[in-house]
Amino acid sequence: MRAVLISVTGLMLLSASAAQAAVSILVDKDAQQMTVSVNGVTRYTWPVSSGNPSHETPNGSFKTFRMEEDHYSKEFDEAPMPNAIFFTKQGHAIHGTDAVNRLGTPASHGCVRLSRANALKLWDLVKAEGLLTTTVTLTGSSRVALARNPKPRTNVATTRGDVDAYGRPLQIAPGARQDAYTEDLNANTRARQITPDRAYRDPSYPQDQAYYGPSDA
């Protein structure tokens, strides 16, 4: 009877261990890279955007404690934070972003950004393996990352014509396309010049998509 109880207990422990595999999320801010491992075996390696030098994402080891599939920032005008996984009580989270052209450089107000597709993969993994068995560890510095790979900030989209460098929609200002004429006095002719398109961001969009509000807000 005792042997049977020991066997049953052992099976239960093995089942619990299998159901709650340890998920390790390592964020190297120097390289702006995330490595996700399950029980010590690397599963994913992705580019990220951590906090910029004025809003450094804190270093250390943290336990994840809250997940929100469709979260919106209360600090930054309801900016979308899809598949958010929170790891500090101050509101730092890992979440998806549309500003994929900024990945690989520190650009947020403290959160860790992933592409939407990768944020969904991480969300599904953590949900399946266990939120309370997931650890987020951050090392490095945003300043080191910028020194290694400086990218100039710009308000003009470089990868898509309809979004800016932060992934937000652009609007063309009324009257932006204007014909400018200059007088060529020497040749006594008129030369037609086209002024470049002037794109501006809708001021309703926040300057960043990170969330600093209380974790229970």
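Here the Cβ of each residue, glycine as well, is placed from N, Cα and C on the backbone.
For 1-21, the entry in TrEMBL reads signal peptide.
If you average pLDDT over the domain 'L,D-TPase catalytic' (23-139) in this model, you get 94. Annotated domain 'L,D-TPase catalytic' per TrEMBL: 23-139, in sequence order.
TrEMBL lists His95 with the feature active site, proton donor/acceptor.
Under the heading active site, nucleophile, TrEMBL lists Cys111.
TrEMBL lists 191-217 with the feature region 'Disordered'.
The local packing around Cys111 (active site, nucleophile), expressed as other Cβ atoms within 10 Å of its Cβ over all shown chains, amounts to 29. Counting only the Cα atoms, the space from Cys111 (active site, nucleophile) to His95 (active site, proton donor/acceptor) is about 8 angstrom. In the three-state DSSP assignment, the secondary structure recorded for Cys111 (active site, nucleophile) is coil. Take the CB of His95 (active site, proton donor/acceptor) and look out to 10 A: across all protein chains shown you find 27 other CB atoms.
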